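Chemist: Before we start, here is the structure in question, set down as structure tokens.
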There are 2 protein chains.
Amino acid sequence: MESEQLFNRKGYYRNSYNSIASASSDEELLDGAGVVMDFHTSEDDNLLDGDATSPGSNYVMSNGGGVMSSTTHLLDFLEEPIPGVGTYDDFHTIDWVREKCKDRERHRKINAKKKESAWEFTKSLYDAWSGWLVVTLTGLASGALAGLIDIAADWLNDIKEGVCLNAMWFNHEQCCWGSNETTFAERDKCPQWKSWAGLILGQEEGPGSYIMNYFMYIYWALSFAFLAVLLVKVFAPYACGSGIPEIKTILSGFIIRGYLGKWTLLIKTVTLVLAVASGLSLGKEGPLVHVACCCGNIFSYLFPKYSKNEAKKREVLSAASAAGVSVAFGAPIGGVLFSLEEVSYYFPLKTLWRSFFAALVAAFVLRSINPFGNSRLVLFYVEYHTPWYLFELIPFILLGVFGGLWGAFFIKANIAWCRRRKSTRFGKYPILEVIFVAAITAVVAFPNPYTRQNTSELIKELFTDCGPLESSQLCQYRSQMNGSKAFVDASPNKPAGPGVYAAIWQLCLALIFKIIMTIFTFGLKVPAGLFIPSMAIGAIAGRIVGIAVEQLAYYHHDWLVFREWCEVGTDCITPGLYAMVGAAACLGGVTRMTVSLVVIVFELTGGLEYIVPLMAAVMTSKWVGDAFGREGIYESHIRLNGYPFLDAKEEFTHTTLAREVMRPRRSDPPLAVLTQDDLTVEELQGIINETSYNGFPVIVSKESQRLVGFALRRDITIAIENARRKQEGILLTSRVYFTQHAPTLPADSPRPLKLRSILDMSPFTVTDHTPMEIVVDIFRKLGLRQCLVTHNGRLLGIITKKDILRHMAQMANQDPDNIMFN
Amino acid sequence: MESEQLFNRKGYYRNSYNSIASASSDEELLDGAGVVMDFHTSEDDNLLDGDATSPGSNYVMSNGGGVMSSTTHLLDFLEEPIPGVGTYDDFHTIDWVREKCKDRERHRKINAKKKESAWEFTKSLYDAWSGWLVVTLTGLASGALAGLIDIAADWLNDIKEGVCLNAMWFNHEQCCWGSNETTFAERDKCPQWKSWAGLILGQEEGPGSYIMNYFMYIYWALSFAFLAVLLVKVFAPYACGSGIPEIKTILSGFIIRGYLGKWTLLIKTVTLVLAVASGLSLGKEGPLVHVACCCGNIFSYLFPKYSKNEAKKREVLSAASAAGVSVAFGAPIGGVLFSLEEVSYYFPLKTLWRSFFAALVAAFVLRSINPFGNSRLVLFYVEYHTPWYLFELIPFILLGVFGGLWGAFFIKANIAWCRRRKSTRFGKYPILEVIFVAAITAVVAFPNPYTRQNTSELIKELFTDCGPLESSQLCQYRSQMNGSKAFVDASPNKPAGPGVYAAIWQLCLALIFKIIMTIFTFGLKVPAGLFIPSMAIGAIAGRIVGIAVEQLAYYHHDWLVFREWCEVGTDCITPGLYAMVGAAACLGGVTRMTVSLVVIVFELTGGLEYIVPLMAAVMTSKWVGDAFGREGIYESHIRLNGYPFLDAKEEFTHTTLAREVMRPRRSDPPLAVLTQDDLTVEELQGIINETSYNGFPVIVSKESQRLVGFALRRDITIAIENARRKQEGILLTSRVYFTQHAPTLPADSPRPLKLRSILDMSPFTVTDHTPMEIVVDIFRKLGLRQCLVTHNGRLLGIITKKDILRHMAQMANQDPDNIMFN
């Protein structure tokens, strides 16, 4: 009987394919293929029959490494793939193993067909190249969109202050480029650019025009904010926030339909510009990652390799998020490391390479667009030319402590506020909330020049060192050696002038303002990133500390630390560097990023020398922050929203065993299982309707409890419907069987229904004694949805990803019912 | 009966610990702990008894998130850990899962003790910081050793040519620093530095002194080579080669005792200097990684956290290899990516961060030592100031093709030669071989200035652009606009002078020489890296192409491509950039590195602009190389040496199933299994002696074939010996049992031996229908040693890592018996 069987290997993801195996000339391989379990007294030989293979009977063998193609006769037409089997519902978790198998299967099919015709060969080439194509397209689109957003936000931001008479579409800087009259010092003032007071009242100075400008500033800010929240609310609710928590969840294998769709992309791009221009305390860097991921998702629909495979699609999204950070910070390598460290879940080396490529392409497109007119990718690119000294590590570490404290405080305060918004009536009026916050921001921000200006520009000003050409208030030092020496690069430390002291007070106010407003802004229903506000807070604190150390070194140059390193008249403290270190520390405190953050900031400065201060600050900040709570802002928001996200970074340190986590518990009804050959369609439908589980283990019999496989609810439903539509004679009393051969039935019984093709015959199992740390590791590394628990070969229960998340929440004394989805 | 049982969770790695579990106030957790299998009619209730738990009877509960500490009464003294259980033999594979569990267990113990006393708290702090300490020490040592090697190799290299009269220990450059007489152009010639001819014959010029110098050059080269191979042969055979293939294997979880020991470190450091100085076509970059890993391994012995845990030790080694590349190329970020992409196997994010730190520390130590006197970490650091043009991508891609071809050719030729060395008598005379190769190298190298000099210096010269201060032969262009304009940075393209043409011929000869010698050198019994020779070959080819394009652009500036981009009199082609692109392409062809290579070279140039040419070349080189064979040189050497290395990069694309790979095959004897309670000590020893397997599945009974667990051979042997020594009444006829309770025995039988503590009760299992692609994935991602195969709950067979490697070799039509170890 065995020799009549086909070489039939079927798991549910191997529904139909031409069995292609590279055959070796070694006999052993084929021996291995025909397994005889002679030491194994099987009581269900009928099961094994179908699977035992007979080599050589219907193969066309090509010796020596050729391709072995079997003319797989299909036993019955149900072996054809059933449409819909293997897809996912919204808000469900994908099965990484299954998706990867599907992809390899597809790849094998294409490879097998390749030699048939030139057309198939072209198709296989297209398929092989589609990975590179899709990341190139994503990079191009991300770079272009980032440039567009930069330019548009810049223009809209200047509209708040005035308008260019020559050409409406010029921003302040562009407007004044054409002007010949302006001297270098007054490059900001040119007749073509009119403030609103100048335009409406006809006068630029005086209290009346100040109030007019103030009013127009608030008016525009409110208009932009209102428009942004309206568009988000009406057209694409997913476009709000930074998007990184959701992208992390999606990349970990969760389906949120429409989150990366074209509407989200369009609305997010438009509203991001509006939100940035409205002057709210938010940044465009996080949302740019979302925009890039939308591009990646949309382009992946052009290529069947990616559109039909959720795991492969996530590779594109990983590359896209690298491209997003690349354009957000002008840091391609930092972007790749961000994708690796922060957002990605499954990151094979091939993805690393493609992410790098996407990040580079995006960066070069953005540089070609040159939105800031400085040939750089970001506004706040700086180059320092002075070294740092060892004693400076003390203030740098202090900045790290500040960053960590700020991060911990921000996360706690922001999460508390967001929870309040979710749980009270307050959350029902998102438009009002946005307008309210925007109004307060605008009213408070206008009088202070450091809060009135664009946050990126503020960061640029704080990062930049005072050179002889710098006209900012922060650089109003009292010049002692007037004209005695000309320094181009390094200006010596000088006593601070009144301008600096005034600036410090304004900066302190700006710091408090930014801290408060950022807490209430992140979580509003507009696109809002917090990289820029965090960096601004750190940069302000850093600059203040830097100026303090600088003045200390000037007035107390006889102190031991300064005497050793700082000679009088030399440039030894760089306040701009302190601002940068502070920015990195604060960003690190909020996001708990480490390597990628250091590399991003390193790419901003272009000097390897400053890595040590940065590392010291970022490390301190992370440790201080972790002391108050190990979760970064993104993980906190993921938990707040209840996404089923199994963090790869968090270690599971408890000693529980699999059987303590598995279902059913003691008080639960017994596990819903299917037997392999004695259920009717009606019984099966009954089980499906009575329960809400996503899948059912299939066992040999109720008595033996020995596991055969696992069948998914969705697949069973689809298969039954399909059979009823297409197969005749399937009644409610038809017997359902998962075995290779139909069970022997009474003569008058209706035609049985074979469901073997949807059976996963290789379900993952662990024993009941397996420590949960290993189970969690398996779930993380293999990306499982569920795992069956056995004891001495008998089925005991099931552990799903949700059970694990619930268990982990329980262990951490959190509310386990918070996990909403799945 | 149940309520009398203890809350006893025992896997073989959970031999003895205080059961610490963070208890939640939720009743559900404890419910879950007491599993009742009420739907499950068990036929072996005696088995389940021991495992069913009764919560609450002997716990000290502290409500609300406290620590639950159970006063675990040990049932018998065998529950104590048996010394030796859980360690590994030489040339065995480690079990990652078990090691990680051991570490978490140790961590929990320390955490539990922390609050007992100040001393314990200090110990826990020391433990928490030991990870950072060990990478810091490794970084410091790697940086210092690299500096030492650089300086010593430089000095010894110059000894071949002459000696410093003032101070023997100065190299040529240092010797002439003190000289005031030298002009800039003749900076290499100073009276203090005497060539050997000058010293011995008293004259520096003339054919006699040339021959004298030639002779002394060969003499020193042979002496160094002889000394190097002698030291390696006598003291540390593991010190030969680059070490990277072995480090990759060790990191993937293999034990090679002594490979990273102190002797290897000492001898490798010394002989590396000698080998580099001997003028052989080899580099010090690969061996530096080995040296850094030795440091990491040695320092890890200071910390019990790392010395006693093979998995944790490998985290240190990953960081150490990053530090090694960091000092080899002055590229900390590139080093981390190299560790991630090329050598590491298990690379959690924590390791990423520590690798980065180790790489930075090492780089800064090296920079403080400043071995090259240029404040840079490497000799061949360059900065370009001219952009590149789009049409130049064509020659860059051509260089990529050359690199790929060279890589494929080199791998094939070198492997063929190494195989010949292994299989024939030729390999028995390693000292003679080294002397022979060194002699040929020295004889051929001396007449050509480009091969006579140090390869690093050659690369530096080829990378460097021709400026007005450059005196090299390569820069002897005919100056047309003599004195008309002064260019500092950018010198315009000029027609090549006779010096350039002479240089090109010499370079061509050097190229051929290097290509041939490198093939025969890599694999000699001296420390030998191939980064530098590969880069030199690429740099020579690149420079030649660069000069060719430059001259083409000069003489044919009316061609369309040049007319568009190259105006007459401007500097449009940078031959040095071509050399760098060529070097990257050749290195990429040989090693198949991608991202890390681009980042390493990017860190050498410090300009983001040149990433695109580099990527284009490296990508082309990888594709071309992959077309001839997908393995890089390291993977090829791993396979040549038969190390059990399961490459994470290589995809398993075949459709075989687990049962085709598992043992026993059809012709094999049945699987050697142990039954849980009816073997005697004698029978058990018989099974162990008759077979050579590393472990045995334990089953309920021969009839049911239901799997209970897995016991390792080494553990069983140790446990029996231990029991015979310590426990009285254990005879050969004693019954061995793996269950919780002793089986009921006749009254006169000897005392039974309980071996439950060495039983792994959570062995990994897959079904026989599992596709091998999934099995391979599980092995790779979880780092398994073996996996059991079941069918419908019955044990069928076993798959080990070796089986998988053999199967993969079979599928690739390779000799499956090549896998030597394990």
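Note: Cβ is positioned from N, Cα and C throughout, glycine not excepted.
TrEMBL lists A:662-728, A:759-816 with the feature domain 'CBS'. What TrEMBL records for A:217-239, A:259-280, A:287-304, A:316-340, A:389-411, A:431-450, A:503-524, A:536-557, A:577-602 is transmembrane segment.
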Chemist: Are there residues at least six beyond either end of the transmembrane segment (A:389-411) with Cβ under 8 Å to its Cβ atoms? List them, or say none.
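Modeler: Counting only partners 6 or more residues beyond its ends, the transmembrane segment (A:389-411) has Cβ contacts under 8 Å with 515, 518-519, 534, 537-538, 541-542, 545-546, 549, 561, 564-566, 572-573, 578, 581-582, 584-592, 612-613, 616-629, 631-633, 636.
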Chemist: Considering only Cβ pairs under 8 Å, which range in A:259-280, A:287-304, A:503-524 makes the most contacts with the transmembrane segment (A:536-557)?
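Modeler: Looking at each of A:259-280, A:287-304, A:503-524 in turn, the most contacts to the transmembrane segment (A:536-557) are made by A:503-524.
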Chemist: Counting a contact as 3 or more Cβ pairs under 8 Å, with residues at least 6 apart in sequence, do the transmembrane segment (A:577-602) and the transmembrane segment (A:259-280) touch?
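Modeler: Counting Cβ pairs under 8 Å, fewer than 3, so no.
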Chemist: For a three-state summary based on DSSP, what are the helix, strand and coil counts in the domain 'CBS' (A:662-728)?
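Modeler: Each residue of the domain 'CBS' (A:662-728) counted once, the result is 24 helix, 17 strand, 26 coil.
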Chemist: Using a Cβ-Cβ cut-off of under 8 Å, list the residues of the same chain that are 6+ residues beyond the ends of the transmembrane segment (A:503-524) and lie near it.
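Modeler: Here the qualifying positions are 229, 240-242, 280-282, 406, 410, 413-414, 417-418, 421, 430, 433-434, 437, 440-441, 444-445, 448-451, 458, 473-474, 476, 530, 533-534, 536-537, 540-541, 543-544, 547, 633.
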Chemist: Which whole number is the mean pLDDT over the domain 'CBS' (A:662-728)?
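Modeler: Taking every residue in the domain 'CBS' (A:662-728) and averaging pLDDT yields 87.
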Chemist: Can you name the far-off residues of the same chain, 6+ from the ends of the transmembrane segment (A:316-340), with a Cβ under 8 Å from a Cβ of it?
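Modeler: That would be 131, 134-135, 138-139, 142-143, 146-147, 247, 250-251, 260, 284-286, 288-293, 295-297, 299-300, 306, 346-347, 351-352, 354-363, 366, 376-378, 381, 531, 593, 595-597, 599-604.
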Chemist: When DSSP states are grouped into helix, strand and coil, how many residues of the domain 'CBS' (A:759-816) land in each?
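Modeler: Split into helix, strand and coil, the domain 'CBS' (A:759-816) gives 23 helix, 19 strand, 16 coil.
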Chemist: Which residues of the same chain, at least 6 past either end of the transmembrane segment (A:259-280), have a Cβ under 8 Å from a Cβ in it?
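Modeler: Same-chain contacts beyond the ends: 145, 148-149, 152-153, 156-157, 159-160, 217, 220-222, 224-225, 227-229, 231-232, 235-236, 238-239, 243, 246, 250, 287-288, 290-291, 293-298, 317, 437-438, 441-442, 445, 452, 454, 517, 521, 524, 526-528.
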